[in-house]
Amino acid sequence: MLKIGVVGCGAIASLITKALMSDRLNKAEVLAFYDGNLEKAEKLAMETGADFCRSLDELVSKDLDLIVECASVTAVEDTVIKSLNNDKDVIVMSVGAFADKDLFLKLYKLAEKLGRKIYIPSGAIAGIDAVKSGSLGKISEVTLTTTKPVHGLKSALEEQGLNTDDIMDPKVVFEGTVFEAISKFPQNINVSVVLSLASKYPAKVKIIADPNLMVNRHEILVKGSIGTIKTCVENNPCKDNPKTSALAAYSAIQLIKDLSEPVRIGT
């Protein structure tokens, strides 16, 4: 039985927990929760019968195998360091934190030193296996075009001074590097960092706000010595958090199941 603790108790954490609770094979179980908003952690703990922790230190000190970070990019460094130092592997959902190359290298070296693992799910995009394999050759271009409903980008756009009520047709709201994208859309474009890490090449990112779209669309183009990889995924937004896709949570659930299975499919 894989014993799991969860940091961050929002929509993604709830989806992951409920899926594992309903898993008939019962090879993994969430045993403890922590959130900076203690009420959220206490509520989810009461709903599931798991422990409610009042601090991250309390969570990582428990008898757990794996910590799942579902909080925010700002929570990643502390969560990963404390988890690794307490002999626990970590799944990082807020992978946008790794747009900071220095942070990624720091945590990579710590995990290597301690003999622990940091897992990054594929998230809401397809083709990561092929992109990782292709990165063994020479990559010459990586682009990501993400189109989302306006309401899913609303908070990020308004922070940049854009009135979302004025967007009546599909509008390009960002074009630039993966590093710029994650700084302006930290809750919307984690997939760009996953793609860049998998390809070992900095992705060019375009973000489109579409008032008529009901799904989150991610189009990937990768060119290199292996040829061309093109994928397009249209994901249903998470019901409780339209900034992200339900598939992002499902990718973490599948990763957890893979960790407890004797056979693993895919790269």
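Heads up, the Cβ atoms here are built off N, Cα and C, so glycines get one too.
Residues or ranges marked as NAD(+) binding site in Swiss-Prot (evidence: sequence analysis): A124, N190. Under the three-state DSSP scheme, N190 (NAD(+) binding site) falls in the helix class. Contacts of N190 (NAD(+) binding site) defined by a Cβ separation under 8 A and a same-chain sequence distance of 6+ are given as M93, S94, V95, G96, G123, I182, T244, A248, in order along the sequence.
Annotated active site per Swiss-Prot: H218, in sequence order. The Cβ neighbour count for H218 (active site), using a 10 Å radius and every protein chain shown, is 26. Annotation note: H218 (active site) sits in a strand segment as assigned by DSSP.
Separation of the C-alpha atoms of A124 (NAD(+) binding site) and H218 (active site): 8 Å, rounded to the nearest whole number. Secondary structure at A124 (NAD(+) binding site), taken from DSSP and collapsed to helix, strand or coil, is coil.
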